[in-house]
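Trainee: For reference, the structure I am asking about is given below.
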Amino acid sequence: MATNNIVVLGAGVSGLTTAWLLSKDPSNKITVAAKHMPGDYDIEYCSPWAGANYLPVGAENSRVGQWERATWPHLRDIAQNHPEAGIHFQDTVVYNRTKDQGSTTGQWFSELVKPNPWYGKVLPNFRELSKDELPPGIDNANRFTSVCINTAVYLPWLVGQCRKNGVVFKRAVFKHVAEAANAHHSGQKADLVVNCTGLSSRKLGGVQDNTLLPARGQIVVVRNDPGLMCSISGTDDGDDEVTYMMTRAAGGGTILGGTYQKHNWDSLPDPNLAVRIMKRCIELCPSLVAPGQGIEGLDIIRHGVGLRPVREDGPRIEKELIDGVWVVHNYGHGGYGYQTSFGCATTAVEVVREALQQQKQRRDKARL
């Protein structure tokens, strides 16, 4: 059986999911090469900082919406059948204020919070809240069951799924994407490189995608459990400030957020912003603390900052010949990397097959 030597560059959720799906074909011999691996916490490495959850933000017929739809069955299956993966179901409410429509966060959440969304036919227990169930200042709200992911458990679990299929992991840093072809564990040059370097594709030689930009997210992790996952279309504190909370599976704590600050590279938590985040979360979900308590009722584990890899034209999944090396890109997933992970990885695998077939045809033609 002919083998395909493939290097996946990057070990975030996109790289690991793509490597796992590729490894299900025994003809693919895969090396994951990355500067950062699960267990690391670095501002360059976005995936560990994510909440993470499944709150669809793509329009129904958009690429993002289709990838979100394709990802849900996988996350549902893992939550149901693989508790060791760190994904669990959560009762979820998303609130909408009409006045947020023009804001940065209002635009980001527009599909999520609108009445009768496409995902209402996909996620279990969906219903729109009646007018008498709405808190003051809320124009409409959707309630449903979704999932929350403990990234500190899930990312290593993905590594384990890859390892069971023979994927080799190695730490490496490359100045140019074509150099990654020399990192295959066989010692031979890889037939193809899959670029899943996220925001680092902005400076990676051979790629240098200047349409990538950071959308800074700041969070507070607490021991309190509000009893549900909750979000709202905007805040009164700032155009790029967000309010959401989710409790991670397997004792991962509750994430309180947040921000969506484009072009902001600051890796240090802002203490004043942290106070605003905590106050907003308690206001949105009073069950977060004991009756009558404010932020003093929160038991803080840590503060965190991550940089979402936003791309102006959305995720890039396509093949390209760079310095004689076939490269398939899968990066630029913004704030929806986990909830599009399987959809995007499936598309990337299809593009890998196309590139390998094209490569084979060129070799066959050269022999004639």
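Note: Cβ is positioned from N, Cα and C throughout, glycine not excepted.
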Trainee: Regarding the disulphide bond with Cys285, report which of Cys230, Cys344 Swiss-Prot records as its partner.
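Mentor: Within the candidate set Cys230, Cys344, Swiss-Prot assigns the bond with Cys285 to Cys230.
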Trainee: Spatial neighbours of Cys46 (FAD binding site) among the recorded positions Cys230, Tyr260, Arg308, defined as Cα within 10 A: which are they?
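Mentor: The recorded positions close to Cys46 (FAD binding site) (Cα within 10 Å), listed in sequence order, are Arg308.
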Trainee: Within 8 Å of the centroid of the Cβ atoms of Tyr244, Tyr260, Arg308, which other residues of that chain place their own Cβ, given that this set defines the recorded (R)-lactate site?
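Mentor: So the additional residues around the site are Thr105, Trp108, Ala215, Gly217, Val242, Gly257, Gly258, Thr259, Gly335.
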Trainee: Pick out which of the binding-site residues Gly51, Gly334 has the most other Cβ atoms within 10 Å of its own Cβ.
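Mentor: Of the binding-site residues Gly51, Gly334, the most buried by Cβ count within 10 Å is Gly51.
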Trainee: On a C-alpha basis, identify the one among Cys230, Tyr244, Tyr260, Cys285, Arg308 that is nearest to Ala11 (FAD binding site); the candidates are the recorded positions.
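Mentor: Comparing Cα positions, the closest of these recorded positions turns out to be Arg308.
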Trainee: What whole-number value in Å do you get for the largest C-alpha pair distance within Ala11, Ser14, Lys35, His36, Cys46, Ser47, Gly51, Asn53, Phe174, Arg308, Gly334, Gly337, Tyr338, Gln339, the residues recorded as binding FAD?
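Mentor: The FAD-binding residues span at most 31 Å between Cα atoms.
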Trainee: Tell me the Cβ contacts of Lys35 (FAD binding site) under 8 Å, same chain only and six or more apart in sequence, or just say none.
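Mentor: Looking at Cβ-Cβ distances below 8 Å from Lys35 (FAD binding site), excluding near sequence neighbours, one finds Glu44, Tyr45, Arg171, Ala172, Val173, Ser200.
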Trainee: Checking your reading of the structure: which of the binding-site residues Gly51, Phe174, Tyr260, Gly334 lie inside a 10 Å Cα sphere centred on Cys230 (disulfide bond)?
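Mentor: Candidates kept after distance check: none.
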